[in-house]
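Worksheet for the structure shown next.
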Amino acid sequence: MASPSRQPPPGGSGLLHGSRARSYGSLVQSACSPVRERRLEHQLEPGDTLAGLALKYGVTMEQIKRANRLYTNDSIFLKKTLYIPILTEPRDLFNGLDSEEEKDGEEEVRPSNDEVWPHSTERKKQETGAGRANGEVFPTPGQETPTPIHDLSASDFLKKLDSQISLSKKAAAQKLKKGESGVPGEDAGLHLSSPRMQQRAVLGPVPLTRTSRTRTLRDQEDEIFKL
């Protein structure tokens with residue numbers, strides 16, 4: 001007696017009813033997947049390598065090979081452009097649908113200005129009181145803090161240096177003028193006090209070739225040549 005054919009239960013795992021069975025290792029690109037890739041087109045240059053592109057874009061060499069179906073490092077020069085896979089965050093997948101909810105949550109978390117103002121004023125009063133106790137002076141809100149003097153630009157520094165050099169030159173010239181006007185007469189009286197110095201001043205410097213030592217040496221040489 002033939003047994004009655006069994007009918008598949010509703011919603012079962014049959015071919016027509018229920019979800020479709022998939023084999024091991026099959027890839028499914030689900031719309032709910034938190035990880036998605038966005039591809040950038042990179043124009044290849046003579047010095048480009050897979051390792052350099054991976055470091056530049058923050059991806060692995062295997063991901064670049066998989067996106068462009070490459071097998072070796074030398075095969076990148078067979079193409080003009082390469083696609084670089086870049087991972088996108090899950091927030092970018094919603095296309096701004098949850099942006100309104102996030103904004104509403106931020107508005108609820110943010111305190112109002114009326115609540116923040118008294119706390120800030122109390123904190124400022126405490127800081128000013130502590131500063132006065134320590135002897136420090138805090139500027140008022142309407143009063144601007146003086147700019148530091150030592151912050152000079154390069155041109156200002158060079159101008160200041162030039163002015164200092166000119167002042168030092170003027171001071172040196174004045175000293176030289178004062179020395180020429182008063183000192184020479186006194187020096188002359190001191191140097192010409194001895195008779196020997198007076199003779200030197202009249203006759204001038206005595207050359208070394210006319211000393212007695214040189215005369216005796218010349219006389220000895222003449223006697224040797226005569227012999």
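Backbone N, Cα and C define each Cβ position, glycine as well.
Features of the protein shown, as given by Swiss-Prot:
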{"type": "REGION", "residues": "1-20", "note": "region 'Disordered'"}
{"type": "COMPBIAS", "residues": "1-11", "note": "compositional bias 'Pro residues'"}
{"type": "MOD_RES", "residues": "S23", "note": "phosphoserine"}
{"type": "MOD_RES", "residues": "S33", "note": "phosphoserine"}
{"type": "DOMAIN", "residues": "40-84", "note": "domain 'LysM'"}
{"type": "REGION", "residues": "95-150", "note": "region 'Disordered'"}
{"type": "COMPBIAS", "residues": "98-107", "note": "compositional bias 'Acidic residues'"}
{"type": "MOD_RES", "residues": "S99", "note": "phosphoserine"}
{"type": "COMPBIAS", "residues": "108-127", "note": "compositional bias 'Basic and acidic residues'"}
{"type": "MOD_RES", "residues": "S166", "note": "phosphoserine"}
{"type": "REGION", "residues": "172-196", "note": "region 'Disordered'"}
{"type": "MOD_RES", "residues": "S181", "note": "phosphoserine"}
{"type": "MOD_RES", "residues": "S194", "note": "phosphoserine"}
{"type": "MOD_RES", "residues": "S212", "note": "phosphoserine"}
TODO: Count, for each of the modified residues S166, S212, the other C-beta atoms lying within 10 angstroms of its own C-beta, and report the residue with the smallest count.
DONE: S212
TODO: Determine how many residues of the domain 'LysM' (40-84) DSSP places in helix, in strand and in coil.
DONE: 21 helix, 8 strand, 16 coil
- [ ] Whole-number Å only: compute the distance from the Cα of S166 (phosphoserine) to the Cα of S212 (phosphoserine).
- [x] 54
Task: Across the domain 'LysM' (40-84), average pLDDT on the 0 to 100 scale - done: 84
